[in-house]
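One structure is given here, and the rest of the page talks about it.
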Amino acid sequence: MNGVNDIRETFLGFFEKNGHARRPSAPLVPQNDPTLLFVNAGMVPFKNIFTGAEKPFAPRATTSQKCVRAGGKHNDLDNVGYTARHHTFFEMLGNFSFGDYFKDDAVALAWELVTKEYGLDAKRLLVTVYAEDEEAPAIWKKVAGLDDSRIIRIATSDNFWSMGDTGPCGPCSEIFFDHGDKVAGGPPGSPDEDGDRFIEIWNLVFMQFEQHEGGKRTNLPKPSIDTGMGLERVAAVLQGVHNNYDIDLFRALIAAEEEVYGQKASGDKTASFRVIADHLRTSAFLVADGILPSNEGRGYVLRRIMRRAMRHGHMLGAREPQMHRLVPALVAEMGKAYPELGRAQVAIEAAIEQEEARFQRTLGNGLSLLDKAASELSPGEALPGDVAFRLSDTFGFPLDLTQDILRGRGIEVDVDGFETALDAQRETSRAGGFSSGDQATEEIWFSVRDEKGPTKFTGYSSTAGEGRLIAIAAGGALIETVTAGPAELVFDATPFYAESGGQAGDHGEIVFEDGARFVVRDVQKRAGDLHVHIGELVSGSVKTGMKAQMSVNAARRKAVMANHSATHLMHAALRKVLGPHVTQKGSLVEADRFRFDFSHGAPVTAAQLEAIEDEVNAQIRANIETGIKVTTPDKAIEAGALALFGEKYGDEVRVLSMGDAGEGGRPYSVELCGGIHVSRSGDIAVFTILSEGGVSAGIRRIEGATGAEALAYLKGRAQIAADVAESLKVPLKDLPRRVASLTEERRTLERELSEAKRKLAMGGGGGAPAGPEVINGVNLIARVAEGVGGKELRALVDEAKSKIGSGVVVFVGVDGGKAGVAIGVTKDLTEKFSAVELVKAAAAAIGGQGGGGRPDMAQAGGPDGDKANEALEAVRAALKG
């Protein structure tokens, strides 16, 4: 039972057995909470239930919640790898009561789990309580038989939890495990409490008060329970180790690292292995939840975490991407508990590999700059902020990475100077760029949502409807009245679809009761379920409370619906033609076309694209009715419906079934989707693929079209083919054969031309002597080759070297006004003459810089093709000494 997976399952199973609804972990991106970068505690997904904004789905629940603490208020990044219990990613086991049971049952359940299910020695357990909480000590004495010496009263806020300045709050009680007097450290509340002897394993929060402005507290009508047990911490206790990185999960990851990096996790390398293991988990789970590395927001936090791990990989000797090779080991350890890891494995590996390849290109140069700048500092002097900024801006070093590198050298960074340089860049960008400040912020929309409630969407079966205006925003702020110009409007109900799931928002028109007209150019979801209509008031004036008739552009929606439905059929076709590893990684569905990103490790061949087109069009011709079913996410996925990785689903989901049922009676495509679709597959009319290409490592993109746009594209292609056939004076059916014949003729002519150029160059054409000249006793073949470059130039040098026996060969190829130089030195002369040094002299003559290669073969280029002979003279001068 001591393995991490068993410990997790024991916790969840125990509470499930005791009437708790087992819920899967919520995604790491918080829903309906703009104040958090990431979910950082088990209660975060239930915040709206605790505040009363949402009704509980069950009276009690249990979860193992994915959490990330990196960036913002809760940031453990700097400590990870150097302490026993800091992580950027961790799992929080929790049980929750939403007004059901309270302190007595919470304590009884906790004590039963730790002493009976986990088998911890009760004599080695002690608890803390809030000093003003008189109930908790009595309950601990009654339930666990603890005496006063093992119930420690804490008067500080460490044992009082609050959600903020106002809202639900209450005292805490923490359970500690005593490792014994052989380990340094004192009990909680003592001067030595930071030692490793007494380890907190569980925090029970008794949510019993409402905090009001001014500090007043009143009793909640329905007190609740929120508990949090760090899985990694309790696993360390149960496995008898003092460091979280010594539990079985991390041992397996570090063993995989040792194999990948070819080093042992010992001595001063230990911290690097631990950093990589921790950051691998964070990186993988964030990518699985739909976040990719970028330069802003959550994507930037992910980039910082990835690059910190990759720098430690560089310290272990990695000079090419390696971290992605650890993903299979992580999936093996955690994929059963978190199936999204397996579903997203290809995307995770691709994202990590691509980021490391990008970082490797600048890491060496950045480290060189940092080393040089650090070596020039006086003792106690901080690294200048402008240097740290250059490392960030030019070499991709996040500030905390620079700080982490310098920490071991005892050097600090001038953070104020860094911020000054960053602000200067922002001002420059702002002066020359576009600000999006005209749109209302997410916080504003949350206030509207809290006060007015969600928008009721009526557009699944209609393109028209009536709504009452409940909010207006313009210039980035809420207003009561708008008279003209751009604005954002929210109604209590709307037939307008808001962009989500890749499907573009509706366009259309809204006419108010007094005749005012608003043109809708986009609809976006804000605060979870508000439909914000973005557009322009073209006549009249409107104010909140007014009613309006709302009309969606039906023709445009029909085109969007056809494209959206086509992506579902194409997704199924991709999995059939390419394999079941294909999963959707993103999409954008517009009226005129769509794009669809998916996991696949190689370009899709022409034959495969044709097969995919044929599959989809066969389903369109079958004209099967589209099926819609509303169910729970778990039941839908159990029934085989595909879910988009990283997507947040509510308690109920729409399951879309499309296409002809095959063997077993299962429809061709079954997916979770809240979008709007055609009623029959035949409504799509026709489907065609416009393009296929790579987006990033392991991710491909197909763009396509349906209906009138597809027909127009196909007609255009047919017309091009007809025009080409006419110009070549062949029947259309013979065009492929004629083009193939012309292509082969061109190849033959190119080969003949290349051979003629080679013979001309080797024979000393253009006035050069046919044989070698001799300079200081060294044979030299020096030629200008017109129209020759690249590999052909190198081949000429190799051929001439084989004939000259001993000597130096230089060819300057001139093509398109530019020059290329290739120089070869026979092996008997490489100690006296280096091709690399000779090519530098030649390159300077034609306006080039440097060059590269080996002592026996080197190449360079330059922009001045008319100075080819000067390049030859430069080599002659070098041989003369």
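Glycine residues also receive a Cβ, built from the backbone N, Cα and C atoms like all the rest.
Residues 848-867 are the range that Swiss-Prot records as region 'Disordered', among 448-467, 848-867. Look at the Cβ of each of the binding-site residues HIS564, HIS568 and count the other Cβ atoms within 10 Å; the largest number goes with HIS568. Of all the Cβ atoms in the protein chains shown, 24 others lie within 10 Å of the Cβ of HIS677 (Zn(2+) binding site). In the three-state DSSP scheme, CYS673 (Zn(2+) binding site) falls into the coil class. Sequence-distant contacts of CYS673 (Zn(2+) binding site), defined as residues of its own chain at least six apart whose C-beta falls under 8 angstroms from its C-beta, comprise GLY501, HIS568, ARG654, VAL655, LEU656. Taking the mean position of the Cβ atoms of HIS564, HIS568, CYS673, HIS677 as the Zn(2+) site, the remaining same-chain residues with a Cβ inside 8 Å of that point are GLN503, MET561, SER565, THR567, LEU656, MET658, GLU671, GLY675, ILE676.
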